[in-house]
Amino acid sequence: MQSPVINELIDAFKLLPTIGPKSAQRLAYFLLQNHQQDGHRLASAIESALEKVGYCQQCRNLSETEICGFCASKSRQTDQLCIVETPTDVVAIEQSGIYKGQYFVLMGHLSPIDGIGPDELGLPILRDRLAQGEIQELILATNPTVEGEATAHYIQQMAIEFNISVTRLAQGIPLGGELEYIDSGTLGQAFAGRKAV
C-alpha cells in the first residue's frame, strides 16, 4: 500500500499538461529517492513564481510588475500590436527576433461551450487600447484552429470600428517541409495564400 503523501504528490504532478499517471509516478519517486534537495528547490521556485508573477495590466502577459518589460520598453514600436493566445506564443515570436512591436495576450480563445467569451479574453481591455488611437496595425497571431479563427474574426471586427489595419500571420508550408508530408488543410492554406513572384 502506497503512502497517502506520495499519492498526493503523484496526483499533483498529474495536474501538469502532458503528464500522465506513469510520468507523474516517475517524477515523484525521482524526487523522493535521491533528489530531495532538487525537490525543495523546485517547490520553492513554484511557490515564488505563483506569489510574484501576475498579469501585465496593459497586455495581459505574465509579469512580475504591473506593466511588463515589453509594454514599458521605449525601443519597441507602439503602433503595432500582435494578438496571441498564450504567453508561450510571445516567447516563440521573440525567439524569432523578427517582431519589435507590442503584444496583447488573450490567455485562450473564444469557446462558448467552455464558457470563454470576450470578457474572459480581456477583449474590453483590448477595445479600450484600440480606442486610444495609437495602434495603426493589429497583427492576428491566434492559432489556425476553428476557435483561433473565430477569435481572430471577432477581433478583426472590433479593429474595423477604429479604422485599424488588420493583418494575419501567413499559414502554409513550413520552411524545409516536403509536400508529400503536408496535410491537405495546410496545403490548401498555402495555395489560397500564394503570392506573385
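The first residue you see is number 1, and the count goes up from there.
Every residue gets a Cβ built from N, Cα and C, even glycine.
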Can you check which of 56-71, 88-103, 104-119 Swiss-Prot lists as zinc finger?
56-71
Spatial neighbours of the zinc finger (56-71) far in sequence, C-beta under 8 Å, 6+ residues away:
87, 90, 102-107, 122, 125, 129
Can you count helix, strand and coil residues in the domain 'Toprim' (79-174) using DSSP?
38 helix, 19 strand, 39 coil
